[in-house]
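Here's a structure for you.
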Amino acid sequence: MILLNKIDHQAESERDGRYYRPELDALRFFAFLLTFFWHRMAHTGADPTNDMWAWRLGTMGAFGLPIFFLLSAFLITELLLRERDIRGTVDVRAFYVRRILRIWPLYFATLLFLVILDVFVPGVGTQDVLAWIAFSLFAGNWYVTINGWIAAPIDPLWSISVEEQFYLIAPVVIAMGGRRMLMVMAAIMLVGSYLTIGIYAWDRPPGDQGEWTNSFFQFQFFAAGVILAALLRGRLPKFSMVVRICFVFSGFASWLLAVSVFEVRSWDPQPSFSGAFIGWFLVLCGTVMLFISSLGIPGTIIPEWMRHLGRISFGLYLVHSLLFVLIFDKAMPFLELSSKHGVVNATATGLVLVLCVLFAHLSFKYFERPIIAYKSKFTYVRAREDL
């Protein structure tokens, strides 16, 4: 039986006027780690033939992005619904300003840095002006979908484009129709996602099809976050830790079943029409279970360092691929070091992670936070300062 801690949660919200779930910061950092180790495989020469199970487990790291998408949709929907309940409407303009203040400064600073760095370190960016324009207009995912991957440091930024496209729609829908229209939107997104999966599964050309970076494909995870926020209505699942652990194992089992039995991956054509539907539905279910396993965990048991790493996950995500390229693809060959050597590989990976944390921490403290402070002028429901 699912128990919902409704009274305590509402009392807390009314008392301090905030909505902040520290356990979701921990989940955000976990999602980054999944993505981090997935992208690491591209630089370490992982062998799917000799290390089949290690490869399959590694490919599950790509599903860290669905966690990011579901989490973002849930939090944004929760905050917008609270604003509508308090004010009777949603200030769409204020929402856009908040998103601009949170995302644009570091995002565009990263793009500009990659443009400049590519002049001195070829391969960290692209010479295609159209690509830079697309990423500047938050249409980078569509550029990759149509033209293919560009270069490791810029490629991960496609996911920011997908999130911005969702942010463009969600506040307008909530302002116009509240929960009912929101559920209609989520249903349309789900149907659209699986129609997209069907189209890609029906025509399966060899090589990367661009499915993974297609907004309509990824909208299934946003839809799940929207539905959870609309149905829970601010309540928290009050599961025992045993039940939460069962959700975690079930979530990973769903992912493993998807990649090992139905062979769905973020870059390959689908092996069969039915397998594509079942496999990606398992990925969706696994993502939901991992999210539910975290939601409602008492914040007192979440270490402060883990909360902080979740807060700075945006910076971690933006810089990690660049550091992989600079260390694994540039520095190590120059020093005649091989990533196939276990100690060298582990040391280089640790160095990348440490540098990621150092950069993201400094960026958040000295660059992002002063800009984020201006969000308070456009905020109706207080949340975590960097949300």
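These residue numbers are counts, starting from 1, taken along the chain as shown.
Glycine is treated like the rest: Cβ placed from N, Cα and C.
The domain 'Acyltransferase 3' annotation in TrEMBL covers 22-359. Look at TrEMBL and you will find 25-42, 62-81, 101-123, 129-150, 182-202, 214-232, 239-257, 277-297, 309-328, 348-367 tagged as transmembrane segment.
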In the same chain, who gets a Cβ under 8 Å from the transmembrane segment (214-232) while lying at least 6 residues past its ends?
4, 65-66, 69-75, 77-78, 81, 141-142, 145, 159, 161-162, 165-166, 170, 179, 182-183, 185-187, 189-190, 192-197, 200, 280, 284, 287-288, 291-292
Determine which recorded stretch among 25-42, 101-123, 277-297, 309-328 has the most C-beta pairs below 8 angstroms with the transmembrane segment (129-150).
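It is 101-123, which has the most Cβ pairs under 8 Å.
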Counting Cβ pairs closer than 8 Å, which of 62-81, 182-202, 277-297, 309-328 has the most of them with the transmembrane segment (101-123)?
309-328
Looking only at the domain 'Acyltransferase 3' (22-359), what is the mean pLDDT?
93
Out of 25-42, 182-202, 277-297, 309-328, which stretch touches the transmembrane segment (62-81) the most, going by CB pairs under 8 Å?
25-42
Using Cβ atoms and a strict cutoff of less than 8 Å, what residues sit near the transmembrane segment (277-297) while being 6 or more residues removed from its termini?
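Distant contacts of the transmembrane segment (277-297): 5, 21, 23-24, 26-27, 63, 66-67, 70-71, 74, 194, 197-198, 201, 220-221, 224-225, 228, 236-239, 244-245, 247-248, 250-255, 257-259, 261-264, 270.
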